[in-house]
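**Student:** My questions will all concern the structure given below.
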Amino acid sequence: MSHFVKCPFCSSEVHYLLIQSHVNACLDLNEAAPSDQPPAKLRRLMAPPAGIPRDESHLQEAPPAGMHQHPQRLCSLVPASSSGQRTFRDNLSGGGLNGMEWVGTTTVTKEAEASIAPVSSSRQRGDESSSNKLVSVGTRLCDVAVCRRFLQRNAQCDSRTLLLECRQRLTWNVPTTNIGGKAGTYHREMCAVATQQLLATSKDTAKGVHDARDASGSTTPAMYDHVPLLDSVRHEVENLLDNKWEFNYCLLNRYRDGRDFVGPHSDHEDNIVKGSPIVTVSLGCTRDFVLESRDDIQAVTKEKLTLMMRDGDLLVMPTGCQQVYKHGVPARRNLLGERISLTFRVVKALM
Ligand SMILES: O=C(O)CCC(=O)C(=O)O
Ligand SMILES: [Fe+2]
């Protein structure tokens, strides 16, 4: 019995659980429009081979359009007694998120999975019909917010052009690490962009690239003006959040293909302005973004949420998120396409 199926575009043999992401990468490479994709055929390919129970846990997505119309049903999935720890919702809604729509929370309990099943089975790739506003999704610990196809809908930005401009106009490097005397390298390329004002007011601009304390290889961030399209996307992101924050710093990650990854971590927030969110916009190849509860918090159960971040999708990690979740982009060795993530932050100074 084989777990591998043939990609309709490049004919390579791919594990059935990875075929959707793989096809996305193929479409990217061939510059095909999403409508060229044969959804029925793809769905057939994604079905588990006979006799293999399906585990969709790592293919879970944000709630599709319409889900927010049933808040009671979703909210009722979380027993009132278990919501004591959920203090982060207020940070988001109080933060004035424009058009925020709560869909309640989901949990990873078996009962919850069973109740969600009828909704999730109707999920489809593309999300053409989903909201162009933020939709919240989360676990008992913390909600994050997602806006599918933000770039296409709100910034009216050609994501391919933005990806190419970021790749070509910025200087990328692979940071090195030295943990306990052991040298290593990151498995992705990074660079950063900052506002003129942030650069002007920071004493040591060369240290601004990484928020990981153990990384070296930093370079001075480029100025936003250097990539005007990125600057206009920044303004659209600010707009989405009611211009409450000025995202004066953007840390960019480039995953050259599915072998590049970032392991589970929480961002250091020493340098982040208190209360501000971290907003990520994805360009290029679809990758899984995994949120899981930190080992050092007292969770009732281990919470885990996997979101597929597609080209143009936006994700908001509100303040408080880093305290309860680790997040990461795991390697997916069969993926061929590249992804760039733009992580917009509000920082105090470069340091
Ligand atoms: O690429 C992503 O979506 C995540 C990047 C990330 O975790 C980071 O920049 O801290
Ligand atoms: Fe991060």
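Every residue, even glycine, has its Cβ placed from backbone N, Cα and C.
Straight out of TrEMBL:
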{"type": "REGION", "residues": "48-71", "note": "region 'Disordered'"}
{"type": "REGION", "residues": "112-131", "note": "region 'Disordered'"}
{"type": "DOMAIN", "residues": "246-348", "note": "domain 'Fe2OG dioxygenase'"}
{"type": "BINDING", "residues": "Asn253, Tyr255, His265, His327, Arg339, Thr343, Arg345", "note": "2-oxoglutarate binding site"}
**Student:** Using the residues the record lists for 2-oxoglutarate (Asn253, Tyr255, His265, His327, Arg339, Thr343, Arg345), what whole-number Å value is the largest Cα to Cα distance?
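**Tutor:** Those residues reach a largest Cα separation of 20 Å.
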**Student:** Could you give me the DSSP helix, strand and coil counts for the domain 'Fe2OG dioxygenase' (246-348)?
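**Tutor:** Split into helix, strand and coil, the domain 'Fe2OG dioxygenase' (246-348) gives 4 helix, 49 strand, 50 coil.
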**Student:** Which of the binding-site residues Tyr255, Arg339, Arg345 have a Cβ less than 6 Å from any atom of ligand 1?
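**Tutor:** Passing the 6 Å Cβ check against ligand 1: none.
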**Student:** Between 0 and 100, where does the mean pLDDT of the domain 'Fe2OG dioxygenase' (246-348) sit?
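**Tutor:** Across the domain 'Fe2OG dioxygenase' (246-348), the average pLDDT comes out at 91.
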**Student:** Once near-sequence residues are set aside, which residues in the chain of Thr343 (2-oxoglutarate binding site), 6 or more away, have Cβ atoms under 8 Å from its Cβ?
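**Tutor:** Listed in sequence order, they are Cys250, Leu251, Leu252, Asn253, Ile278, Val279, Thr280.
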**Student:** Out of Asn253, His265, His327, Arg339, which of the binding-site residues has the smallest number of neighbouring Cβ atoms within 10 Å?
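**Tutor:** Among the binding-site residues Asn253, His265, His327, Arg339, the lowest count of other Cβ atoms within 10 Å belongs to His265.
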**Student:** Using all protein chains in view, find how many other C-beta atoms are within 10 Å of the C-beta of Arg345 (2-oxoglutarate binding site).
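**Tutor:** Here the count is 23.
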**Student:** Non-local Cβ contacts of Tyr255 (2-oxoglutarate binding site) (under 8 Å, 6 or more apart, same chain)?
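**Tutor:** Non-local contacts for Tyr255 (2-oxoglutarate binding site): Arg188, Phe261, Cys285, Arg287, Val329, Glu338, Arg339, Ile340, Ser341.
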